[in-house]
Amino acid sequence: MRLTAKQWIQVTVSLFVAIWIFWYLYKDIKMDSLRNALQQASIFYILLSVAVSLLGYWLRAWRWRLLIKTSSENPPTTLKTFWGLMGGYLANLLVPRAGEVARCGYLKKTDNLQMGNLLGTVILERTVDLVFMMMVIALAFVAESGTFLNLIGELVSLEALKSTFLGALPMVIGAVVVTILIIYGLLKKYRDSSIIQKGQHFVRDILTGLKSVRKVDNQVGFWGSSVLIWIIYFLMMYLVAIAIPSTANLTATSVLMVMVMGSIGMIAPVQGGIGTFHALVAFILMTYGLTEEEGKIFAVIVHSSQVLTVMAVGLVSMGVLVKLTNSKQPQTAP
């Protein structure tokens, strides 16, 4: 994927921010402390966490294939979608949010599928994930309401937030209306332009992908896998908590709160959630009585285990892509 000069600047800035946050968090943590924590941790549970996370990635690939199948007569195998998914996660470690496009490009190369349709399915998948994330946050709020309210009270002034929102609401509504009118006018004036027609065709492809969830022939499998993916994410976090002595006594609901904070950290526009994931996870663990050092060490172990997994499997997926694309090229006669 080629990047423009502007995109290179954005990538460089986001990487710098991620590295700076990570450095700021861990500049006072001695390597001996991390080494001792790893020596005391149960490698069995950490490896089991990695195995469980791979099952979650496979379920994501299987669910994605269900969506692709609605708009393709010859959908790729689950194995191919798995390789594409892991290649996308690898791309996210290099360029924030590039993975969604990268995994679609992977399947376009291997199976010659429509890029617009694939992006539509990815957008739908991300929308479903967002809905489930909101449900998980709601569940965490119910399970740990006291901790949640104290946390919000420390981070945000609710009265100030309310007054700011109400004051800015008319301006926001006006800006949205003006933007819609400008876009409508431009589309009407240049509707015969080849660029507009290509854009409309691309949007139609995306809408086809968005509607594909109603056409999924295995609704139980789609929604069931969506639930299981988040259960697996929780189990992955919980197994690492069990593996480390300082977090071994955390309750299931406490780990749920840690998972929620980690999920929010991963949304930040930095490579692989580096820094933001660690900051939020360490912060919430301190509210449960862990020291700052213990919280940061837990965060780095959880995050590093997943990053190393994505790097290893993602690099394998790149090798598979090279092999598949080379096998499709016609052989020239000697």
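Note that Cβ sites are derived from N, Cα and C of the backbone, with glycine treated the same way.
Features of the protein shown, as given by TrEMBL:
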type     : residues : note
TRANSMEM : 7-26     : transmembrane segment
TRANSMEM : 38-59    : transmembrane segment
TRANSMEM : 130-153  : transmembrane segment
TRANSMEM : 165-187  : transmembrane segment
TRANSMEM : 220-244  : transmembrane segment
TRANSMEM : 274-291  : transmembrane segment
TRANSMEM : 297-322  : transmembrane segment
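Residues 78, 82, 85-86, 89, 225, 228-229, 232-233, 235-237, 239-240, 242-245, 301, 305-306, 309, 313 of the same chain lie 6 or more positions beyond the ends of the transmembrane segment (38-59) yet place their CB under 8 Å from a CB of it. Within the same chain, residues 26, 29, 33-34, 37-38, 41, 46, 49-50, 53-54, 57, 82-84, 86-87, 89-91, 93, 106, 109-110, 236-237, 240-241, 243-244, 246-247, 262, 272-274, 277-279, 281-282, 285, 290 sit at least 6 positions outside the transmembrane segment (297-322) and bring their C-beta atoms closer than 8 Å to a C-beta of that stretch.
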